[in-house]
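Reviewing the structure listed below.
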Amino acid sequence: MESLRIYNTLARDKQVFVPRQSGEVRMYVCGITVYDYCHVGHARMLVVFDLVQRWLRAIGYRVTYVRNITDIDDKIIRRAVENGETIKSLTDRFIGAMHEDESALGIQRPDIEPRATQFIPQMLGMIETLETNGYAYQASDGDVNYSVRKFTNYGKLSGKSLDDLRAGERVAANDAKEDPLDFVLWKRAKPEDPEGASWASKYGMGRPGWHIECSAMGCSLLGNHFDIHGGGQDLQFPHHENEIAQSEGATGETFVNYWMHNGFVQVDNEKMSKSLGNFFTIREVLERYDAEVMRFFIVRTHYRSPLNYSDVHLDDARASLTRLYTALKDVDADTLALDWNEPHAQRFAAAMNDDFNTPVAVATLFELAGEVNRTRDASLARQLKQLAGLLGLLGREPRAFLQQASGAAQAGGLAADEIEAKIAARVAAKQAKDYAEADRIRAELLEAGIALEDKPGGSTEWRRV
């Protein structure tokens, strides 16, 4: 099997993956700020790094996968105040909702899922170290800031220079900062802050800035220097750039070897966002589409490419997934282990080892499905099912998927008992030699999105199309 190569944002190139410790991978991914339901952009991040950790385990690595939860933040505080509830009540509710969405999408839970509020002492310890090392200062407004000019490698991840940032970026003026680009490590508490929004420290009551949260949790749980750090493309700057400055300023060590960033979700070639009104939650999508269809829609696009969201693309994903399940129908896949020497498995592995190239891996699944359709071979069916399983797909019985209704069908289509009743009426018509009526019922069902397949022995099976 070829070596795994990962596109490293830091190097701006694909690199052969070499873990710091042989056979072990330590990976940190920036998770979700929990003040609302997860949206399609969150779904992409969740699925992408679920695929990454699944593949790392599949090729024999022992993985420690950490994905954090940001449970203290300006948006969280504002939403809790608006709702008239405590911060903990709000965040607990949306953490629960996030876990429900994850389960629906077939996301395997990370090994460790730290909440920011569980690591306040570690954050304060890192801030104090940065102050001792000359990277941090307490400003006149009580905030503790990071002095970006003190970190000579600032911009190495994003390729942005401080001079270019000062000249071209709009930076909010703040007279208390030594430099407009300095960012906050510790926010001084405000009189109007609700209960649960601040902690005691040598700098006074306050709370951590967003960037220090991930630095402290990553270093505390995985060590000062670990293998992979991931997140959405929008986090590359300033969040991940600031994480590097904080972590390396505090420890004097390289923070992370490989930086991975998944691409944006777009609607009509514009980034999905609330401000543009083209924003969809996972739950809204799952009202109309099966969760595995949504997962397949995400999986079949390379993780670094833009993902264009539309009903047309989801409908196509549903039709494509239906083709894969149809190939497995009526074939009893054997239960032997996956054969990595089989040609399709080799092509699949080569694709996944080429920076997790899921479009090519999925194309290999369709090649294999074609072979299964042609030969009805149990060993090939097993290969198809097991390779797809590495992507979190084809885990159900084919008939269960083919007969399940999408949200839209559940809302306006025929229920299973209605379909069975019409099939029984068609059988009765055929027995009475009323073939015109039997054909009419078949056509009526097809118009309703139900395809019939008459089997030897007189039985009839159905699936949604």
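Cβ atoms here come from the backbone N, Cα and C positions, even for glycine.
All chains included, 23 other C-beta atoms sit within 10 angstroms of the C-beta of C30 (Zn(2+) binding site). What Swiss-Prot records for C30, C214, H239, E243 is Zn(2+) binding site.
Per Swiss-Prot, the feature ATP binding site maps to K274; the stated evidence is sequence analysis.
Summarising the annotation, Swiss-Prot assigns motif ''HIGH' region' to 32-42. Taking Cβ pairs closer than 8 Å, the motif ''HIGH' region' (32-42) reaches residues 69-71, 73, 75-76, 79-80, 90-91, 94-95, 97-98, 101, 232, 264-265, 272, 279-283, 285, 309 in its own chain, all 6 or more past its ends.
Residues or ranges marked as motif ''KMSKS' region' by Swiss-Prot: 271-275.
In the structure as shown, the Cβ atom of H239 (Zn(2+) binding site) sits within 10 Å of 17 other Cβ atoms. For the Zn(2+) site, the Cβ centre of C30, C214, H239, E243 serves as reference, and the other residues of the chain with Cβ at most 8 Å from it are W210, H211, E213, S215, G218, H229, G231, L235, H240, N242. Assigned with DSSP, the residues of the motif ''HIGH' region' (32-42) fall into helix, strand and coil as follows: 3 helix, 3 strand, 5 coil.
According to DSSP, C30 (Zn(2+) binding site) sits within a strand segment. The Cβ of E243 (Zn(2+) binding site) lies under 8 Å from the Cβ of H211, C214, S215, G218, H229, F255, each of which sits 6+ residues away along the same chain.
For the motif ''HIGH' region' (32-42), the model gives a mean pLDDT of 96. A simple way to gauge crowding: the CB of C214 (Zn(2+) binding site) has 29 other CB atoms within 10 angstroms, across all the protein chains here.
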